[in-house]
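Have a look at the structure below before the remarks.
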Amino acid sequence: MSMLGLYGRRLLPQFIALAIILGLVSIAFPGFFNLQIQNGRLYGSLIDILNRGAPVALLAIGMTVVIATKGIDLSVGAVMAICGAVAASAITSGYSLPATLLLTVGVGVLCGLWNGILVAILDIQPIIATLVLMVAGRGIAQMVTNGAILTFNDEGLIFIGSGSLFGLPMPIVIWITAGILVALLVRRTALGMLIEAVGVNRRASTLAGVSTPVLLIAAYVLSGLCASVAGIIAAADIRGADANNAGLWLELDAILAVVIGGTSLLGGRFSIAASLLGAMIIQSINTGILLSGFPPEFNLIIKAAIIVFILVLQSPKLQGTLAFFSRSNAATKPAESKAK
Amino acid sequence: MKAKHLPLAATILIFVLSYALCAFQYPNILSTRVIGNLLTDNAFLGIAAVGMTFVILSGGIDLSIGSVIAFTGVFLAVMMENTSIHPLAAFVLVLIITTSFGALMGAIIHHLEMPAFIVTLAGMFLARGMAFVLSIDSIPIRHPFYATMKSFYLKLPGGGRLTLIGGVMLLVFALGILIAHRTRFGTNVYALGGGAQTARLMGVPTGLTTIMIYALSGLLAGLSGIVFSLYTSAGYSLATVGVELDAIAAVVIGGTLLSGGSGFVAGTLIGILIQGLIQTYITFDGSLSSWWTKILIGFLLFAFILLQKGILYLSRNNRALA
């Protein structure tokens, strides 16, 4: 089978899920697929989904790599809040735009480095190691903004949140570029395979000569980096830094995006494209519920039901049962005796 | 002293030391009024944290409790407002709902072999969503029975009051300690946390235990919701967002290993009291901002994780030497 065919097959369930959701929404809201160009920029519900989904998509890129190493990063929402606060306070205290961006991204990298060192060097379980920053992070963000919502008027910074490039809103350009860059980095080099090796068996890959600590730290740094860019977008979008609400619960959405994308929480095989599709599925659900005129109170219930449905389909037990039936149809295989 | 008691001892030591430091600066912090309030203000968190302790001891996690507490509060408020049902009957009804909700999550985790993290995350969305569907407003509870319940308290020497909900929390902790250390179920929980495979081979009914653990967590989250509705006399669907994190932090600060299999319910009580003490200190001080609570709790978490790592490292070295 060709590479492309293999790739398409891996992404098929996510594409089908996305198509079903978009189809359902377009039944309830007929003008859903309309696109129009105004002032040299595309407008329409689809563009809106891509645009609103930018923070979760960015977080999902870093989260995919972290989860592939058998880790998890709970701190990304808090890191978003810290980075938004840093960006806002830097730009209002007179730093130039490049300096502000550099400083903000630097803080994100530092947060990732902290998580990575806890996980790789001190050998702390990822879920606890990143819990520390998740709990303390919002406090730190409030300290940076002095407890207030810091607003700013810098055109350059606002452009990142609401400007447009090649007719597409800036956030879309950023997350798609980031997705392509990271995917190329891990798939055109041996990096992706090494990350999967660490996720499957950390000890074995260390013994095989993989420098696991460096890889682990790099994964968390990438996650911190993605979170900082997402934080800048979120802050630029509302032209202010809200330490309490920026990125609130987005870590959960990002993890969901990765899980819907079919990457196992137990590490190993991962696909960045599938996670990005997962992020778009989540955003389509959110936007779709709003557009189709359901009372907003039902949002969470519908979201939970769809998530449970997708997860049940992906659950190892059910997959095992399905595989068992398809196998016993074809021919009785010794694998049967292995099935529980 | 055994290595497994060290984290608990360290937690108690830190609590006593920090209480002494606070008392040195503000002698009034020693008064029974402050202690009574410490128990009352943290009652709902403490009750939920007992459930969380069992879940974490078994190597799982329950992210749904904050939402379940909010759901319970809204459910009770809506029932009091729209029906003539007696609060006690409503309590029983809501406890049945939350317990079955927890049991259902446990069944999904066990039978579909899905990670607890994701299942309870979906549960968190579902419970919060149910609360939204019931009502998006903050509904006051004016039933006279609530006023009666709130008027119960035990007078402590020195003018402090041990309120009903503070007493309920202490009772739940006592029962939790009994269940964890004196029943077969408790032993099964520890066995499951030590290793699911090993536990199964030893004949522990892993499925039933998993379901019971999450049912217990649901039951206690429901009870915590009742206590919270007594505490605030209202039901609001946006209340208690993030309580699961506070509960997890209390469990870890209390010396329970997040990987499961080791820890004490009593430690969680100290964890809750340490968090409460930080808040009380900030209130006493008056000039410190509230975000210091979060930073300090984050720092404490970090310190305890390091401590546990150190103890594990030392005990391994000791074994290697022996």
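For all residues, glycine too, the Cβ spot is worked out from N, Cα and C.
Feature list (source: TrEMBL):
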- A:12-33: transmembrane segment (TRANSMEM)
- A:53-69: transmembrane segment (TRANSMEM)
- A:76-95: transmembrane segment (TRANSMEM)
- A:101-122: transmembrane segment (TRANSMEM)
- A:129-152: transmembrane segment (TRANSMEM)
- A:158-186: transmembrane segment (TRANSMEM)
- A:207-234: transmembrane segment (TRANSMEM)
- A:246-266: transmembrane segment (TRANSMEM)
- A:300-318: transmembrane segment (TRANSMEM)
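Between the transmembrane segment (A:158-186) and the listed ranges A:12-33, A:101-122, A:129-152, A:207-234, A:246-266, the one holding the most Cβ pairs under 8 Å is A:207-234. With a threshold of 8 Å between CB atoms, the same-chain residues lying at least 6 positions outside the transmembrane segment (A:246-266) that come near it are 10, 13-14, 17, 55-57, 59-60, 63-64, 67-68, 70, 72-81, 84-85, 134, 141, 199, 227, 230-231, 234-235, 274-279, 281-282, 307, 310-311, 314. Sequence-distant residue pairs (6 or more apart) of the transmembrane segment (A:53-69) and the transmembrane segment (A:129-152) include fewer than 3 whose Cβ atoms are under 8 Å, leaving the two stretches without contact. Annotation: stretch A:76-95 has the most Cβ pairs under 8 Å to the transmembrane segment (A:129-152), among A:12-33, A:76-95, A:207-234. Non-local neighbours of the transmembrane segment (A:207-234) in the same chain are 54-56, 58-59, 61-63, 65-66, 68-69, 71, 73, 75-77, 79-84, 87, 101, 104-105, 107-113, 115-117, 119-121, 157, 160-161, 170-171, 174, 178, 182, 191, 194-195, 197-198, 246-247, 250; each lies 6+ residues outside the stretch with a CB under 8 Å from one of its CB atoms.
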